[in-house]
Amino acid sequence: MSDRSPAGPREQAALLLAAQRIARMGSWRLDLRSGRLAWSDGTCELFGLDAGQFEGTLEHLRRLVLPEDRPAFERACAARAGEETDYRIRRPDGAVRWLNARGDVECDASGVATARVGVVVDVTERRVARQAHERDAWLLRIASEAARVGGWTIELPERKLTWSDENCLIHDVPPGYQPTLEEGLAYFPPEYREDVIRLVGTCERDGTSYDFEAEKYTAKGRRIWVRCCGEAVRDAAGRIVRLQGSIQDISRQKAAEAQIRSLGVRLTATLENITDGFFTLDRHWRFTYVNAAAERVLERSRDELLGGNIWDKFQPAVGTPFQHHYERALAENATRSFEAFYPQLAKWFEVRVYPSPDGLAVYFRDVTELRRHREALHESERELRALAESMPQMVWMAAPDGSNIYCNQRWIGYTGLGAAESAGAGWLQAVHPDDRQAMELARPRAAPSREDFTVECRLRRADGEYRWMIVRGTPYHDQGGRVVKWMGTCTDVHDLKLSMEAIRISEERFRLLAKGTQDAIWDWDMRADRLWWNTGVETLFGFRPDEGQASIESWSRGVHPDDREATIGGVRQAVAAGADAWSGNYRFRRRDGTYAWVSGRTHVIRGSDGAPVRMIGSIADITERVALEEQLRQAQRLDSLGRLTGGVAHDFNNLLTVIVGNAELLTEQLAAQPRLAALAGMVVQAADRAAELTRHLLAFARKQPLQPRAVDANELVANMAPLLQRTLGTHVEIVLAPADGLWRALVDPAQLDNALLNLCVNARDAMPQGGRLTIATANREVSAQEARLHHGLQAGAYVVLSVSDTGTGIAPEHLRRVFEPFFTTKVPGKGIGLGLAMVYGFAKQSEGHVDISSEPGQGTTVKLFLPRTLDAGVAAPPEADAAPAPGQHETILLVEDDRMVLRYAHEQLVALGYRVVPAETPARALEIIRGREPIDLLFTDMVMPGMNGRQLAEHAARLRPRLKVLYTSGYAEGGVVHGGRVDEGVHLLSKPYRREELARRLREVLARP
């Protein structure tokens, strides 16, 4: 106990004032009746006023309070006893201080309030410390939320696991959830769990920190990618007492990387399956990409071309349409399409050039064969690089007006701007000038709605490079809802943006590719069984890309049933064998139910485990090519047979000439001996049949001499009708369907009679029980497009003569062979298979065409296409008298290299009353002509060694201009017969011939002036 006596009132007052000054406290009293406000010296000191400067009124005090805090000040003035209020004042020197006010009420004896008394305390340092603490805590929370980073600790030795709230959010559990260590590890899938336990155990034992990426399951079953970091914390003695670390959700980055890889593989595979060549050039004309199709067509490897100048690599193209169109496309930024010939490769190219900011993209294809045969060949291109980079982040805080008040070390390290340089509006120095306005407007636009904002802009790195960032800002509100701060992050998305631009370019290339090619391109996601088509599927087959073709099963159903097993099996075998590609031809159904022949190419894309995940391919319509190839093979086969039969005809007809003639002589001379005469007659009949066979063979070989003229097919059919009815029998009904206004056909009428008779006999044989035979005529204009579908049919005007029956029809396997000589389905004795062969040869030799269609059980229709002529009809020559016309002792020079034929012809001419001078060779004949012996007519064979009959006649005409000539041959093509037609003014007697024919033709020629 102090032995000092108690202080008096003055001492107590002095002590009170000293205590207030030390505590930075002041007192005040407000007289409620007079409104007079009294302050202590401590109060004056808190407000920065001298005692004489205070006016002693409440209004003076109110003016010193900051306007935004005056409502709080008013509440303090009206507060009940014991209540506290904080508000700010601005002292005369401009300093802002926080004050804490507490008041009480004085009352008189009746309980009426007479004054308010109280104290004020300067709490500025306390408030600043508290705000700093709140700011740091809020800053950390916002940074964690923006970066999707959560924290954790494991207390040792208890191994107690603690998660931060953000960590809970990442795992889809409520904030505050605290799992056990075993429960925390259970969020890792089994394939990661053993490695995680090992890393945590190592860190716990020796303090080794770790940093790895893995997948985790969340409480909601989501599978996410995370980055896990951990380190050990030691106590003063160096013992490990705690593990701590972070987990960052990086699922978005992983998804972006996967998408880039998928799109890159998809485009690369697609480029490998197109049939077009493709390359790209930069603006310096250097090759930047060359696909496999381009390598093949240009006959250069991509290693040789990439990086090289196109005009150096292909110097002959300088100054050609290639250089002209490429330079125009680049200069005018316009697409160019053209065709040009490149002599060094001996190829025509169809080229489409597309300009881009980087240079030119060139699609081309070799159309050499297309220009010749109207066929298209296509190839593909591939390769695109995938990009995926990590995204660093920066954290910042700004005032409501956007002035920077805080930035973390990542910002400072990235931009090179220190905290002082970045303060206020200094941070805008790092923003690209073109992006500053967008950044400055982002906050005021978002503030009224209290929403976050997101802006893309470029930030300058410390080395001067600008990189794209995503700036995200979150507003921080006070109790009144006003924005008092902005907090946000800057995420580096430069590499991702470049990657997305690359993807855009790739998708644009893919779009142009799919649009530019004439093929149907498809992409099958094997895991999801989703099938994508380009518009080519509608062009080729009539199906819209989104119409019932969305799965591989729809494609399988479209394959022709006969081709399905081989096609699908081939694809499956290629996939199972690990092959990257498959190609093959098969039939695919169109929308109208018909089938098209197609060429399919497929590329298999495999995952990291080697399993197939995608298939990308193309389908080209080759229907026309297949049909033309089949028609060409058939035509070549028939032409080969024709050449064979034509070559035999000459020698065979020479033999028949001797046989027929001598048999005829024997028949006459043995008239008194019936038995021998009958035998000679059988020889004549056999020879006639052999001659007819030879004529059929020559007709098929298109080597028979024709004498075409304008013919009215309606009149010809009408004249033949009685003969046909007698030949076919009464069990066959003949129906004539002549067309009105029928054009005239240019054709040999005798051969047309023979062809029509053959067709009608074949029709009768196909109707053993009787039926209807219809003979119709029609005018027909054949377009170039229609002609391309029928090998051998030329575009033009035709008279069509068709013969249709209701017979048994022809099986499909026999239909393509019916025009082959000696092919027949009739029973022995009913035919030798030369009828239709003769008709085929006659039609072709007449510059026409023959077409046959048939269905088993439905009958057959044969159409003869005969060329139209504008000439008027010419009357047929009158039939000659059947009796042989004797000679009048004229002299005939007989030239024949075959001795038997020479002897036979000599005897026949002498028997007819002619004087004959024989010659076995053209040379001997010319010796005779040069002599003085009179000669009235040259009768010469056409096919002889050294000189043919036409050449002999030409030599003879120069020596004896008035000499008449009669040619004879069993095969005269190329001499006096061209294109199957006897030359104008030429007289030809075909072998074998009879005496009457020889006599008649001799008199006809000798009688001409």
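Using N, Cα and C of the backbone, Cβ positions are placed for all residues, glycine too.
Annotation source TrEMBL lists domain 'PAC' at 83-135, 210-262, 453-505, 582-634. Residues or ranges marked as domain 'PAS' in TrEMBL: 266-333, 380-450, 506-578. Among the features that TrEMBL reports, domain 'Histidine kinase' is placed at 647-870. The domain 'Response regulatory' annotation in TrEMBL covers 891-1006. Sequence annotations record features per position, and here TrEMBL assigns 4-aspartylphosphate to Asp941.
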Secondary structure tally of the domain 'PAC' (83-135) (DSSP, helix then strand then coil): 12 helix, 29 strand, 12 coil
Seg_contact(the domain 'PAC' (210-262), the domain 'PAC' (582-634)) with at least 3 CB pairs under 8 angstroms, min sep 6: no
DSSP-derived helix, strand and coil totals, residue by residue, for the domain 'PAS' (380-450): 30 helix, 12 strand, 29 coil
Closest-packing stretch to the domain 'PAC' (582-634), where packing means Cβ pairs under 8 Å, from 266-333, 453-505, 891-1006: 266-333
Neighbourhood of the residue listed as '4-aspartylphosphate', C-beta criterion under 8 angstroms, separation at least six: Val895, Glu896, Asp897, Asp898, Val901, Gly949, Tyr967, Thr968, Ser969
Secondary structure composition of the domain 'PAC' (210-262) [DSSP: H/G/I, E/B, coil]: 12 helix, 30 strand, 11 coil
Averaged pLDDT score, the domain 'PAC' (582-634): 83
Mapped DSSP class for the residue listed as '4-aspartylphosphate', helix or strand or coil: strand
Helix, strand and coil totals (DSSP H, G, I; E, B; other) for the domain 'PAC' (582-634): 12 helix, 30 strand, 11 coil
